[in-house]
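Asker: Quick one: the structure is below, questions incoming.
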Amino acid sequence: MADGSRTTEARRDAVFGRWVVFSPARSRRPTDLKSHNPTTNPNPGLGGADAPKPSCPFCAGRESECAPEIFRVPPAAAPEASPWRIRVIENLYPALRRDMEPPAPQDGGAKEEEESVPGELVVRGFGFHDVVIETPRHDVRLWDLDAEGVRDVLLAYAARVRQLEEHPAVKYVQVFKNHGASAGASMAHSHSQMLGTPFVPPSITTRLNCMKEVFEKLGNCSLCEIKSKETLISDTPNFSAIVPFAASYPFEIWIIPRQHISYFHEIDQDKALDLGSLLKTMLQKLCKQLNDPPFNFMIHSAPFGLSSSCLPYAHWFLQIVPQLSVVGGFEIGSGCYINPVFPEDAAKILRELDCST
C-alpha cells in the first residue's frame, strides 16, 4: 500500500530536465486510480461462433487497401501470396512526405523567410512516416503475442530504422505506439508508427543537453546511475523496468538497457527477446492494474551521426505513458507536471501485481 505519510514535494528529472510536483492529495489511493476511458478488446465478438469478426485494412486479406508495403516478416518473393506476421507499410496519411524534395544537407533545408519573425524557420515537409502492423489478426494486442512475437516487432522497428539511417537527409527517427483513441490511435488494430525527420526535434536536443549536464557533474550517464530498488518494478539480464524518480505521469514506466547503449537500432536477437518479454509483462501489468488504459510508448534513441564525444551520456530507453489524466493549463504553461502518485508507490503496486492468472 501507499505510504499515507507522504506530503507534496517537487522533483527534477535528470533526463528530460522537467520539474514534477507530486501531490497525493489530488487523488484517491494509488490502487484506486483506474482509466475512465478503457480501450476495449478489438474483438468483442469472441463470445459466439456466429458473431461477426471485426475486420479492417490492417487485417490479413485486405492488404490491397493499405498504402505500399515496405517489407514484411517473414520476407517473401511474392508478397501478395505469402502469409505474414508483421507488415511495415507507408502511412496512408503521412505527416511528412517521402515524395518531396529532401532538404539541402548543408543547412538541413531550413530557410528564414523575409516576412517571418527573425528566428522563425521554414523547413520543407520531407520525411518518412511508416506504420508497423504488429499482427495480421484484429483481435490480438501487442501483449497478447508471446515474447518471441514481441521480439519480432522490436526487430522490425530496428530494421526499418537502419534503412532510414541510410538516407542522408534523415536526422532522427521516432518510434512510437498509440493505443486507444484518446492516446491518438485512429485504428483499433494493433500497430505502431515511426517518423523519420530531416531535423533533430527540440525535445531530443533538450534530453541530450540535460544528460550531458549530469555526465559532467557525475562522470557517468544519468540512466546508468539509476540504482534505486524502491522504483524498480522488474529486471532481466539486459534491462530494468522502473517508475522514474520524477515520473511526469502516474504509473509511467521506463525500460532501460542495463548496458550503456546509445542506439536502439543496434539491438540484437537475444536482447530483443529479453526486451520483448519484459515489455509484454509491463503492458500486461498496466492493463490489469489500470483497467486497460489508453497509452503511448516511445523509444528514445540518439540522433544519427551523433558525435563520439556525446555517446558516453546518450543512453536509449523505452518510455510507457498510461493516459489517466488530462494535461491542463499549468502543465502547458509551465512545462511542469503534477503527478498524484509517488513513483515509489506506483512501482510497489506494479512490482507486486501478479499477471500469471
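Just so it is clear, glycine is given a Cβ too, placed from its N, Cα and C backbone atoms.
Pulled from TrEMBL, these are the listed features:
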type	residues	note
ACT_SITE	H191	active site, tele-UMP-histidine intermediate
BINDING	C56, C59, H138, H189	Zn(2+) binding site
DOMAIN	7-201	domain 'Galactose-1-phosphate uridyl transferase N-terminal'
REGION	26-51	region 'Disordered'
REGION	97-117	region 'Disordered'
Asker: Find, among the binding-site residues listed as C56, C59, the one whose Cβ has the highest number of other Cβ atoms within 10 Å in the structure shown.
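Answerer: When each Cβ's neighbours within 10 Å are tallied, C59 tops the list.
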Asker: For the domain 'Galactose-1-phosphate uridyl transferase N-terminal' (7-201), report the average pLDDT of the model, please.
Answerer: 83
Asker: To the nearest whole angstrom, what is the C-alpha distance linking C56 (Zn(2+) binding site) and H191 (active site, tele-UMP-histidine intermediate)?
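Answerer: With the alpha carbons as reference points, the distance is 12 Å.
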Asker: Between C59 (Zn(2+) binding site) and H191 (active site, tele-UMP-histidine intermediate), what C-alpha distance do you get in Å?
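Answerer: A Cα-Cα distance of 11 Å.
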Asker: Cβ atoms within 10 Å, counted per site: which of H138, H189 has the most, among these binding-site residues?
Answerer: H189
Asker: To the nearest whole angstrom, state the Cα distance for the pair H138 (Zn(2+) binding site) and the residue listed as 'active site, tele-UMP-histidine intermediate'.
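Answerer: Approximately 10 Å lies between the Cα of H138 (Zn(2+) binding site) and that of the residue listed as 'active site, tele-UMP-histidine intermediate'.
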